[in-house]
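Visitor: Below you will find the structure I want to go over with you.
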Amino acid sequence: MKLGFHLIPRLSSIVPESCLLIVVGLLVGGLIRVVGESPPVLDSQVFFLFLLPPIILDAGYFLPIRPFTENIGTILMFAVIGTLWNSFFVGGLLYAVCQIEGSGLEGIGLLPNLLFGAVISAVDPVAVLAVFEEIHINELLHILVFGESLLNDAVTVVLYHLFEEYAGVGSVTFLDVFLGVVCFLVVALGGIFVGAVYGILAAFTSRFTSHTRVIEPLFVFLYSYMAYLSAEVFHLSGIMALIACGVVMRPYVEANISHKSHTTIKYFLKMWSSVSETLIFIFLGVSTVAGPHQWNWTFVTVTIVLCLVSRVLGVVGLTFMINKFRIVKLTTKDQFIIAYGGLRGAIAFSLGYLLDLDHFPMRNIFLTAIITVVFFTVFVQGMTIRPLVDLLAVKKKQETKRSINEEIHTQFLDHLLTGIEDICGHYGHHHWKDKLNRFNKKYIKKCLIAGERSKEPQLIAFYHKMEMKQAIELVESGGMPKIPSAVSTVSMQNIQPKLKVRERVLPQLSKSREEEIRKILRTNLQRTRQRLRSYNRHTLVADPYEDGFSQLLIRKQRAMQLEKRMNNYLTVPANQPDSPTMNRARLASDPQTYSSKSKSNDLPAIKVDLASPQSPDHVTLADERTKRPEEDDQGIVMKEPGGREEQESGKDQRLLRCLSDPGPNADEEEDEPFLP
């Protein structure tokens, strides 16, 4: 059935796998009923001892540490304060509904209602994993909802046992409330301590398993299960113990075990958790058919409505306070997904099934309401959350792993922020994280990691691992000659002695040849430097390897340099008419250039009598250059660079040439400036 579900993508995009498993359980229970047998019920001891631990261990062992620690404050707010709010809100309003006459619920008191509120308010990690992994929600929302479902176990267990004890006693004092708060701290912190101890033991044991690689995965499963059982024996949080054990042991165990053992642990945990999840949802369907039910429309309907309302109000209120301290704020879409993703599951059903029927005669009503809420959250919310995520355009999870460049920049920013906090004197989480890493590298790694692996950086260790893997693949593929097993004890140097490498002899060159090579290199390098001096990758449009592109680039650069030099040394007003005196001077300098020739014999020719040098109308360019601008309004204004007065005669001749000639001759260098 699971294989067919994953082979049909259209079915998996509409219906979650958990819904189909519950339907299968309903069908199996119905068939058992038709046969005449009583269907089995999901036993709470079987659920908590055998079915739940693999799922929690898989989640804790592969928990993303960085997002979890960065959002630990928000997760704790939702897990602790949010669960307390939901429990008291649902339980208190249900007690008010039970006081209504004619509802048939007058016999249910305040403490049983609060107990039911504590059971039904906890978000179930199994249901969250089953739905959220299929919709591929982004990492932030996934870790917030899933982290809440993991950490609210301590609150649920404490409230469950407290209200169960209070219901038997019948009265609650202020001392009982204070002891309840202390009990919560003991259950949560005690579970974390037990899990951390077993995690360190597992890491220390894996240090000595280099000669027996076969049993390496066994220690991981054994110590984890012992941590869960030890916590349950002392009435601590077993889920917290499993999470702490997986988080603590993973970095040290993976540094000690082989690659094949790591693969075995990974896939066995995935397979084990998948089987447990399948059995849990199937047994939910079977237990629905088999279990005794007592239906009450008022109680069931009010329970569903109150669960939705309390979840929405709790998320909105807590987010309003949390966003004041968060750098990345939770948007309205994020709040909606967090509120809508609060699914209930088999943990609530198992806790309800553990109630004693003698002390709680309304247990059947509670079980019916719990199953209804579970079906509503799994079917209605689980089936509609994927279309809502697509409709709201919520960011999805990136399937690709981060590149090495991103990892390096992330670590660089961590060190930078740590240095900024040290300079500012603000001891934030970056400061304490750096202190913890230093303590881990200096003391803990030396005790829990074998050999030189505790000293070398992770990048070098990963390189060595990749080198070894490549060598193994090369040997298995036949790329290297295999050594017979009979001579395995013989030294490799005796089997394949190393040949002496001949020293490379450089050819001898004559001094003339060396000088010629240096001259060629010097000349070409100088040309290259001059041509590509203003190289810019943003200005290159064509392919640099196209034919003729280099010549085009050189011409373009020469034209730009020429234009720049002309702008620096020559400033002439544009489109200004010449004065009559300048016209006469130009006609005198070159009469043939400015002589007008008639295109037709019918038109009369105009003859100009040029002024002789002795004539009073004759003017020289030197006099015109020294003339002030006020004397002739339409004359050309020339200013010498530097503001000097009369220059030498050689400079006057160059200025004369500049005004009379349109540009340099063909035989002159175009790179030479007009006015140096």
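Placement of Cβ uses the backbone N, Cα and C atoms for every residue, glycine included.
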Visitor: Pick from 143-163, 458-478: which range has transmembrane segment per TrEMBL?
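Guide: Based on what TrEMBL states, transmembrane segment spans 143-163.
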Visitor: From the ranges 12-32, 243-263, pick the one that TrEMBL records as transmembrane segment.
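Guide: That would be 12-32, the stretch labelled transmembrane segment in TrEMBL.
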Visitor: Where among 75-97, 109-131, 143-163, 274-291, 297-323 do we find the most Cβ pairs under 8 Å to the transmembrane segment (12-32)?
Guide: 274-291
Visitor: Tell me whether the transmembrane segment (109-131) sits in contact with the transmembrane segment (178-204), defined here as at least 3 Cβ pairs under 8 Å among residues 6 or more apart in sequence.
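Guide: Since fewer than 3 Cβ pairs under 8 Å link them, the transmembrane segment (109-131) and the transmembrane segment (178-204) do not come into contact.
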Visitor: Do any residues, 6 or more residues outside the transmembrane segment (143-163), come within under 8 Å Cβ-to-Cβ of it, and if so which ones?
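Guide: For the transmembrane segment (143-163), the list is 56, 59-60, 64, 67-68, 71-72, 74-76, 78-80, 82-84, 87, 111-112, 114-115, 118-119, 121-125, 128-129, 132, 176, 180, 183-184, 187-188, 191, 235, 237-240, 243, 337-338, 341-342, 347, 351.
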